[in-house]
Structure formats: C-alpha cells, structure tokens
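What TrEMBL says about this one:
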type	residues	note
DOMAIN	49-151	domain 'Gnk2-homologous'
DOMAIN	157-262	domain 'Gnk2-homologous'
Ligand SMILES: *[C@@H]1O[C@H](CO)[C@@H](O)[C@H](O)[C@H]1NC(C)=O
C-alpha cells in the first residue's frame, strides 16, 4: 500500500454562474474578455494546472542520491513509453532505491497531448513534492504516479478526490439514478477492452444528454478494474448528489459524468 495522506479533497469543478456578468457594462465586459484571453494564452504557454496531487507523507530521498537518479530515469522513460498507447509503467533501480511509476492518459487524448501532459506532470510533481519518495498528480488529460513501493496490480483506494459542478439538477432522484446507470454500464464495458476505458451517453428528458467516462490504470486485472470502478460509483452520493457534473478520481481508476460533451472528439 502506498503511504499517501488519507486527506480527501473536495474541490469544485466550475464556478457558480456569476450574476455580476450580466450587470457588467460593455467596456468592462470587453476588458474582462481581454483578460480572459490573456489568461488562456498564459495557460497555453505555461501549461494547465493540475487537478490535484498528493505527496507521500513520510519517506524522503536525498538530493542527487541514487533514488533521485532513478526517478529522473523513470520520468524520462515514461514520457516516451506512454504516449503511443496512452499508458506506460516501469521500475528503475533495486532494493531501497527502486522507483516504480506509471503514467496514464485519458483514453481519447492524442499522442501529442498525452506527451505534453506527462511532460508537464513530471516537471510539476517534482516542484510540488520535491523530495518525497512517492507522489501522484492528476490532470484532465493524464495521471502520473510513482513510489518506492511496487504498487502495480493493486487497487489504490487511498489517493482519491472528488470534483463536482456546483449547479443542481431539477430532479435529483431520477438524475442520480441515471448517472449511476450510465456509469455502471460503462464499468461493465470498460474492463473488456485493452484500454480499460469506456465512454457513453444516455438520453435525459427535454432532449438533454448525460455523458459519462470510466477508466482504469492498465496494471489492474479486469476484475480489480471493475472493483475500483464500482467503489468509485458508490462514492457518488457523497460528492455529487444531484449535481450537474461530477468526478471521483483515484490512483487506479476514475469516473466522470457531465451534461455536456467533454471529450476531445465529441
Ligand atoms: C445546490 O443545492 C445546495 C444544497 O441544497 C445549495 O446549498 C446550493 O446553493 C445549490 N447550488 C446552486 C448553484 O444553486
């Protein structure tokens, strides 16, 4: 088991719709747009922010020691190995200095975007967790995780966070039922393909649609993937009850639903 902090995060996915916007005069709105495009531009240059990260609470490595050398080698390997298939894992070094790591890109992300995300993640995680032997960071497009423990093939129930849309749906009971139905269906589908990834849609009332995604890291067996996803689905009432969108994101699997299409090609 990885020794990350058991801290559960609750961060919100989207801002509340701002009533201030409708009251803005045109010039203020224009400068707001300008500022927004500047911020977006800056984001493309500097990169996107991680969704969340955990640093291992206890064990640290020594600057420029063998562990760090192995970690650097592993990062260099993963960013080349993962993009062609969307996933990579590897171990470098032996005994106390062994580093195990994996990188996973969201199933729809292109090779280039996958590579960009892993590059960004491997730089950023070293800033966020400079000398921690184990760490994990999540982005919209990828996940990067490493540890001195060999965690391959084990469901990570410890590193997990939620995100949700602040907006409430009008009919929470039937909506919750639908999200569960869609994601459970995808959890069944996902583990039968090699990518351990599934996406799908469900019709809602008033010609609205519900979009869903499930994905596991590919070190898991099919049955563990299913276990991980079912466990994540069972968390939905805690985070996302009656919310327009929600995600349960973990170190071994993640689920997401939205009432808008959120994939690259949808
Ligand atoms: C959604 O419902 C919660 C709980 O009833 C409430 O606190 C919150 O303000 C609502 N959010 C919006 C955006 O109306």
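Cβ atoms here come from the backbone N, Cα and C positions, even for glycine.
Unlike curated entries, TrEMBL annotations are predicted automatically.
Quick caveat, the model's predicted, so the values are computed rather than measured.
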DSSP puts the residues of the domain 'Gnk2-homologous' (157-262) at 36 helix, 33 strand, 37 coil
Taking DSSP H, G, I as helix and E, B as strand, the domain 'Gnk2-homologous' (49-151) contains 37 helix, 30 strand, 36 coil
The mean pLDDT across the domain 'Gnk2-homologous' (157-262) is 93
